[in-house]
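Feature annotation from Swiss-Prot assigns active site, proton donor to E347. Among the features that Swiss-Prot reports, active site is placed at D389. The annotation active site, nucleophile is assigned in Swiss-Prot to E452 on the grounds of sequence analysis. For 37-188, the entry in Swiss-Prot reads domain 'CBM-cenC'. According to Swiss-Prot, the feature domain 'GH10' maps to 204-527. Annotation comment: Swiss-Prot describes 903-966 as domain 'SLH 1', evidence class sequence analysis. Residues or ranges marked as domain 'SLH 2' by Swiss-Prot on the basis of sequence analysis: 967-1025. Taken from Swiss-Prot, the feature domain 'SLH 3' covers 1028-1087, and the record attributes it to sequence analysis. Positions annotated as signal peptide by Swiss-Prot, on the basis of sequence analysis: 1-30.
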Amino acid sequence: MKNNLSKFVSIFTAFIMIFGTSLFFPHVSAFADDNNANLVSNGDFESGTIDGWIKQGNPTLAATTEEAIGQYSMKVAGRTQTYEGPAYSFLGKMQKGQSYNVSLKVRLVSGQNSSNPLITVTMFREDDNGKHYDTIVWQKQVSEDSWTTVNGTYTLDYTGTLKTLYMYVESPDPTLEYYIDDVVVTPQNPIQVGEISNNQITIQNDIPDLSSVFKDYFPIGVAVDPSRLNDTDPHAQLTAKHFNMLVAENAMKPESLQPTEGNFTFDNADRIVDYAIAHNMKMRGHTLLWHNQVPDWFFQDPSDPTKPASRDLLLQRLKTHITTVLDHFKTKYGAQNPIIGWDVVNEVLDDNGSLRNSKWLQIIGPDYIEKAFEYAHEADPSMKLFINDYNIENNGVKTQAMYDLVKKLKSEGVPISGIGMQMHININSNIDNIKASIEKLASLGVEIQVTELDMNMNGNVSNEALLKQARLYKQLFDLFKAEKQYITAVVFWGVSDDVTWLSKPNAPLLFDSKLQAKPAYWAIADPSKAIPDIQSAKALEGSPTIGANVDSSWKLVKPLYANTYVEGTVGATATVKSMWDTKNLYLLVQVSDNTPSSNDGIEIFVDKNDNKSTSYETDDEHYTIKSDGTGSSDITKYVTSNADGYIVQLAIPIEDISPTLNDKIGLDVRLNDDKGSGSIDTVTVWNDYTNSQDTNTSYFGDIVLSKPAQVATAIYGTPVIDGKIDDIWNKVDAITTNTWVLGSDGATATAKMMWDDKYLYVLADVTDSNLNKSSVNPYEQDSVEVFVDQNNDKTSYYESDDGQYRVNYDNEQSFGGSTNSNGFKSATSLTQSGYIVEEAIPWTSITLLNGTIIGFDLQVNDADENGKRTGIVTWCDPSGNSWQDTSGFGNLLLTGKPSGVLKKSVTFNDIKDNWAKDVIEVLASRHIVEGMTDTQYEPSKTVTRAEFTAMILKLLNIKEEAYNGEFSDVKNGDWYANAIEAAYKAGIIEGDGKNMRPNDSITREEMTSIAMRAYEMLTSYKEENIGATSFNDDKSISDWAKNVVANAAKLGIINGEPSNVFAPKGIATRAEAAAIIYGLLEKSNNL
């Protein structure tokens, strides 16, 4: 409770009584006759007065002519506390159980330069269970340039007698001054006789209770308010049925327990504890210290409240509060005390990872955190103590900051038991990031508890969005179950959607506003009864080659993910890419499986006409492919194993349906994984997690036949980063941002890209007639964002090579959470039509060659005159998730690096008259080949498979890797072992079964095969189906090598010996090895 609030409530009550309104009655009256009437009688202030409005605290309220509509508004000035502002009473005007729409217009008084121009709308109510603060709108940004419409909803609920009910407008900036106009509060579909109200709601008692579903994993908890714990309240009934752990939503926060110094009030907190004991539940205590919902007196000098308390006084007050609170529950409840842990400190980290600049930090210093833990441990040594925070599940800068903080606290002996991950996520949150965050934080040796779980719908509560939410909840709880060794509790922040703290419209929990089970409930409680959402993915137009080498064109395709478990929670998953032409649907299934078995395999389900029938029709197909390559024989397939699992390439005939652009094909993918038991232990799917694919196509996902991959070109060159369009940029073709993520018009850009050995350069010329950077959020300012995926892995999460680089029109830089910004440079300039952003993004993770393709996208953010982002437009990705997901990036081809033979600074005595002299000298100068001694190259000496492999690695600038022992004839310690490992992982060499034959002399056809794999990595080369060569000894070439040799000959990389023979089984010499490597450089324009 805020400082002076008790005094305010007394004044408020007296005010109402003076004005003759009857306040004290046992039940709220019904509505007036006009159900759609505005409940605010003077919301437009057109009377020229503020009649009907009262003060929260002691601000100055006055009618003014700075109107939104009409002639008058209300000016709010003279604020000195965050909670101060105008208030309006709704006592006697609102009906229990009814929902209301709330709308008002707000504009800042000019000239304030506030760093926190935010408005919060709150409803204060007092009933038999005490005082409550219900958020209607949380921290809406407003500006002085124009009026901002603030919208929210409110549902009235209370226990016993409603004594006080008023709405007030506040701000986290305690001195912010603002105007208010056009305040409208109207009922939503007013409750009529016969409609559902609390006493008519019946919960579903015949469905599985959640605490039993997860009894082998962790307690399932829920945040509660004591006003909803009466036995007749269906919220209490739902709580008792499904949950076995409670946390107080507000009743145990500092302002609730000690509103004034020394006066502790435990009535509401005790009601929750009593309920927990009566229903055999455990509890989490929340929270002993927070920067919010803590009375101002904590931080004030008792002799002069305008001055801050001293460090010693604030520490004394903190210790008194913590000790008194823990002693109360320990003493009153003894062995029955259900509280097993406390959030000692809550939200001490800012979003940028630094310690929050709270009054605790300002007055005490950073050691206030360890002091709080010290006091709590001293008060109750048996209690588990947690640090709790939000946005630490994204595996970004705040996750790392929490890791560093807890590591430091533990190293100093602070008695910290665990980390509370609030987990306020949304329907686009990334499971891989959550998994990485849990495992990172758990590696500190502490418990992990999910403490405030809900899933924001981002304003979309459509049926489609609810089904999408259900899938993510299932994936989330499968992850929690897989991480059960770390997770000791999962707590939802609210029992049902009607009591969520989030602004409406929203539906973030498992039970809806009528307390009925939603799709999300069934997805985690009994997936067989769920209705899966229909996911969609694009198949890009193209005809990849199916064979020993994975076609390079797959690099351009965004994957879908077969990662939803049907059985088990830890096992094989896969990325699946799709392409199409008029004959085939092509799939590349890359399975991650660390327990290889002959039982492992995939199943592909195809519904060619995508009519989603509940039984198979003649166009529907089911294919099975085992990890050893056996299986369905009526499709083209190729299966190879690798260090991560196995890869399946498929060509599925679709010529019979005459496919055309934008057609849809139904598809599902199922993975079967034997983890060593001799039977299938885990089953994973892309779409249908009810596992009905064998007989039912209605839950297959959709594959949309789409255009070829989006590829732009960056040419080699080095511009000056000065925010100007230098002449060098005129050589570059431009791309245009025309993929709308938010809005359909507004600021756009043309962009050009260049590269050199140190940087990727980007020039964006933005058209924007109204520049604004007033938002406190950089992403809402007029700005350009560049997204880079250096290895173009197109993962659903950010890897270490990925980056998000944001620059606004005033050259203010900001970056995504995991982006390495070291060395980043930018410059901007204003133009008649907008602004220019020029950037230099340092390379960190890849070998730079002509033909390299990286993942790339560019985004323009457009702010309106109020600082609100109204437009987002990209070059490629329409998802809006580029900040956390690289799979939708487009592709950028690096080209144009000049050719030119290096000075021949290295020579050997024995190559003076050799036909390959010039070639050997160039390669030796580049350290790609080496002599047998400093003076002898021995060009006629045969070359081994290991030696040629080492040369190719140097050509590609691939670093050696520690040998993992894949081959029986390669031993740790062999000079070539690490080179073999790196080349094997890169797909340059394959071996034959368990042998690599490293010391065998390499044949000419073997050398050509390896060389062409290297050429594919240097360029965008795609192997043609040529078949026979023109060599006289074509019949002597092995079948597996014939097409490779034919392609190499066509490109001029190899030549025959005299008499036009290739001599495929002939042993290659060191001179011939140098010649073919030189040919690779020459033909790829990398000399």
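We number each residue from 1, going along the chain as drawn.
Positions of Cβ are set from backbone N, Cα and C atoms, glycine also.
Quick caveat, the model's predicted, so the values are computed rather than measured.
Everything Swiss-Prot records as a feature, shown here on the structure.
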residue : record                    : Cβ neighbours (10 Å)
E347    : active site, proton donor : 19
D389    : active site               : 25
E452    : active site, nucleophile  : 25
Ask   = Roughly how many Å separate the Cα of the residue listed as 'active site' from that of the residue listed as 'active site, nucleophile', to the nearest whole number?
value = 9
Key: Per-state residue totals over the domain 'SLH 2' (967-1025) - DSSP helix, strand, coil   = 24 helix, 4 strand, 31 coil
Ask   = DSSP three-state call for E452 (active site, nucleophile): helix, strand or coil?
value = strand
Request  = Please work out the helix, strand and coil residue numbers for the domain 'SLH 1' (903-966) from the DSSP assignment.
outcome  = 24 helix, 2 strand, 38 coil
Query = Looking only at the domain 'SLH 3' (1028-1087), what are its DSSP counts of helix, strand and coil residues?
reply = 30 helix, 4 strand, 26 coil
Task = Averaged across the domain 'CBM-cenC' (37-188), what pLDDT does the model get? Just tell me the whole number, please.
result = 89
Task = Rounded to the nearest Å, what's the C-alpha distance separating the residue listed as 'active site, proton donor' and the residue listed as 'active site, nucleophile'? Just drop the number here, would you?
result = 12
Task = Determine, from DSSP, whether the residue listed as 'active site' sits in helix, strand or coil.
result = strand
